[in-house]
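Read the structure below first, then the notes.
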Amino acid sequence: MKVLVLNCGSSSIKYKLFDMDSKEVIAQGGIEKIGLKDSFLKLTLPNGEKKILEKDIPEHTVGVEFILNTLVSPEYGAIQSLEEINAVGHRMVHGGERFSKSVLLTKEVLEAFAACNDLAPLHNPANLKGVDAITAILPNVPQIGVFDTAFHQTMPEHAYLYAIPYELYKKYGVRRYGFHGTSHRYVSQRVCEYLGIKPEGLKLITCHIGNGGSIAAIKDGKCIDTSMGLTPLEGLMMGTRSGDIDAGAVTFIMDKEGLTTTGISNLLNKKSGVAGMMNGSSDMRDLEAAVAKGDPQAILTEQMYFYRIKKYIGAYAAALGGVDVILFTGGVGENQATCRAGVCEGLEFLGVKLDPEKNKVRGEEAIISTDDSRVKVVVIPTDEELLIASDTMAILDK
């Protein structure tokens, strides 16, 4: 059984082809710069070697077609024929309140998903383009949608509503939805397998820290709160996003700088966070190197970054009534020991004791707390694509 997983962004398509009998990735890659002159497909061959194939890719259907042709090509192919693809699983960003679990993509489902376009104007239309492309090229292959917002739909009303006129929620759906749900769900399930424990009774805080970052409070396997909101702009300080900011500061900046809503959105989403503090660079590795050299601006930026994560962990320990496991995932969470150490420093009052030696781990599953730490601190690399493929299989098996 082979499942193709697609993640279509506004100008990119990432893909992985899974052999679900062995849960192995047999082909993977991505297209970047769709609609621009220098678009290309970067793929990883089975031996780990990376290849770049340049091609003019004006829009998503051409991109999907290029990926499918590459999958069956004599030179780079992983399968003999496209008929070997049994199903396609799509990462769908914003399912609004309608979708609390993964579903077969029917005409009705796609119409309901398109109705959420206002909530994710960059991502949702791109997700739909991927679905349309598969429909055009492989019309008989079932397609499954896995929603980034779905896992957080178990949040109680008092956690997801904003304290603004209630009619704005009723009219426009203005509330907190949360994102990275597929990642939070994957690691929350995987950590139970890894530690040999049941989700029932477990108080878990999952920290997905990458260029974007979010934290989730998970009780009995269900999300009760998460740091991102109506959009991915709320919450943590991120690579280029501000995270939490006083709404009054937003209108103040708009007045002073003469910014439109598009202008302020651009400033807060693309020019803030680490990049805003570090003159445009959002790479945490650059920040770490600058801190090591003693750059005072870098040291301040890192303190701000760690502090915001730590503050959310404290808040979620309160929301959960305690915490049993703190989990790190995402590009930074999985690979950067300094980030994990900086975040956990000062959390001793919660029962957190980090083991400096164990914390040196990079990109592997590991317990990084001491044996006598009351709270287990764990690293679990995320695998959203595997979860999308697994959901796809589960729905087909029904």
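Note: Cβ is positioned from N, Cα and C throughout, glycine not excepted.
Quick look at what Swiss-Prot lists:
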BINDING   Asn7, Glu384  Mg(2+) binding site
BINDING   Lys14, His208, Ile209, Gly210, Asn211, Gly212, Asp283, Met284, Arg285, Gly331, Val332, Gly333, Glu334, Asn335  ATP binding site
BINDING   Arg91  substrate binding site
ACT_SITE  Asp148  active site, proton donor/acceptor
SITE      His180  site 'Transition state stabilizer'
SITE      Arg241  site 'Transition state stabilizer'
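This view paints the features noted in Swiss-Prot onto the structure.
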residue : record                             : Cβ contacts under 8 Å, 6 or more apart
Asn7    : Mg(2+) binding site                : Ile13, Lys14, Tyr15, His90, Arg91, Glu385
Asp148  : active site, proton donor/acceptor : Arg91, Met92, Val93, His94, Gly95, Phe179, His180, Gly181, Thr182
Ile209  : ATP binding site                   : Leu236, Ile309, Phe328, Thr329, Gly330, Gly331, Val332, Gly333, Cys339
Asn211  : ATP binding site                   : Met238, Gly239, Thr240, Ser282, Gly331
Arg241  : site 'Transition state stabilizer' : Gly212, Pro232, Leu233, Leu268, Asn269, Ser272, Gly273
Asp283  : ATP binding site                   : Gly239
Arg285  : ATP binding site                   : none
Glu384  : Mg(2+) binding site                : Arg91, Thr182, Ser183, Tyr186
Within 10 angstroms of the C-beta of Arg91 (substrate binding site), what count of other C-beta atoms is obtained when all protein chains are considered? 22
Of all the recorded positions given, Lys14, His180, which has the fewest Cβ neighbours within 10 Å once its own Cβ is left out? Lys14
Secondary structure at Glu384 (Mg(2+) binding site) (DSSP, helix/strand/coil)? helix
Within the same chain, the residues at least 6 apart in sequence whose Cβ is under 8 angstroms from that of Glu334 (ATP binding site) are Phe328, Arg362, Gly363, Val379, Pro381, Thr382
Maximum Cα-Cα separation in Å among residues Lys14, His208, Ile209, Gly210, Asn211, Gly212, Asp283, Met284, Arg285, Gly331, Val332, Gly333, Glu334, Asn335, which the record lists as binding ATP: 23
Based on DSSP, name the secondary structure state of Asn211 (ATP binding site): helix, strand or coil. coil
